[in-house]
Amino acid sequence: YLVLIQLFLRNSFRFIAKPCAINLGIQDSGPHRAQPNAILEKVFTSITKSPDGKRLEGLSKQLDWDVRKIQRWFRHRRNQDKPTTLTKFCESMWRFTFYLSIFFYGIRFLWTAPWFWDTRQCWYNYPFQPLTSRLYYYYILELAFYWSLMFSQFTDIKRKDFLIMFVHHLATIGLITFSYMNNMVRVGTLVLCLHDASDFLLEAAKLANYAKYQRLCDAFFMLFGVVFIVTRLGIYPFWILNTTLFESWELIGPYPSWWLFNGLLVTLQILHIIWSYLIIRTAYKALVRGKVSKDDRSDVESSSEEEDVTSNSTKGVFSTSSNGSNRINGHVASGQWTEE
């Protein structure tokens, strides 16, 4: 029920985000469209969207076109099916609004919670710990949001980190559901709040990127990188995993579900390490070169190598392709800015 509401709110939020995007100068225009060609369109829809060299040679002879021109046509044709910058701005603004709101709600709630200051409180009197209404709504809202991300991932443009994000969503949903069913909600709130601490900064960087505020975008990304690494590689293992692996073992002892719960938490930590490595590599290249080349997970491909060179010369840390349509769905992709 709440998942459907979340999906409805996500789609309805466009009516709020779109005027903001237009005021920032973001146009509802897509990439350059490929010129109509029945032969190439048939190949694109029926055979392949990325023809190999042999097929390109055959098409070149059939149409009396240069191979490079045909390659450019296929790039344009693939790009025209991708979402516009305005669409991506609206999606990021929705996620930014949710992450920011739920983070401050979580901080306000946990500030008065005893287990926020002493993680051993997560296990005292377990499993007979009361479930307050504020804790319940915090949990349910987070669970519904991640379910909505899971469903929308199959309708959004498929990206190179689709599998990683799919595993991330599965692990997150599994953790929230499992911890709720086993009344491990106290430590669960710590995990949720910790993850929300950096997510809204990433969405803020994406919004600045779409609006072409490059310095603001770079600043948000650097801040996101610092917060992400501190929370995911520092606080998470030494605060969260310490209490779930060692303090819980000491106070309540291991039991069958204990292994599954910690297995999911360790899976998240592995993903944290992968993403942190990619973030550090992106930041390093930005510092060394002063810019980062095009996004490996870009929604839109450059229409030609010359366009790539021209557009790369003006890019910052969070680069966009020549038509400004790169995006982040999750976190960062190999060496460049990348989504959820």
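Glycine residues also receive a Cβ, built from the backbone N, Cα and C atoms like all the rest.
Among the features that TrEMBL reports, DNA-binding region is placed at 42-85.
Per TrEMBL, domain 'TLC' is recorded for 87-288. Averaged across the domain 'TLC' (87-288), pLDDT in this predicted model comes to 88.
Here the transmembrane segment (96-116) has Cβ contacts under 8 Å with residues 13, 122, 134-135, 138, 141-142, 145, 186-187, 189-190, 192-193, 196-197, 199-200, 203-204, 206-207 of the same chain, all six or more residues outside its ends. What TrEMBL lists as transmembrane segment is 96-116 (among others).
The annotation transmembrane segment is assigned in TrEMBL to 136-155 (among others).
Same-chain residues lying 6 or more positions outside the transmembrane segment (162-181) and placing a CB less than 8 Å from one of its CB atoms are 139, 142-143, 146-147, 149-150, 153, 187-188, 191-192, 195, 257, 260-261, 264-265, 267-268, 271, 274, 329-330, 339-340. For 162-181 (among others), the entry in TrEMBL reads transmembrane segment.
The transmembrane segment feature in TrEMBL is assigned to 220-239 (among others). Long-range contacts of the transmembrane segment (220-239) within its own chain (CB-CB distance under 8 A, at least 6 residues past either end) are made by residues 119, 190-191, 194-195, 197-198, 201-202, 204-205, 208, 268-269, 272-273, 275-276, 279-280, 282-283, 317-318, 331, 337.
TrEMBL lists 259-280 (among others) with the feature transmembrane segment.
Among the features that TrEMBL reports, region 'Disordered' is placed at 295-340.
Residues or ranges marked as compositional bias 'Polar residues' in TrEMBL: 314-328.
Remote same-chain partners of the transmembrane segment (259-280), defined as residues 6 or more beyond its termini with a Cβ less than 8 Å from a stretch Cβ, comprise 164, 167-168, 171-172, 174-175, 178-179, 182, 184, 191, 224-225, 228-229, 232-233, 236-237, 240-241, 244-245, 330-335. Per DSSP, the secondary structure of the DNA-binding region (42-85) breaks down as 30 helix, 0 strand, 14 coil.
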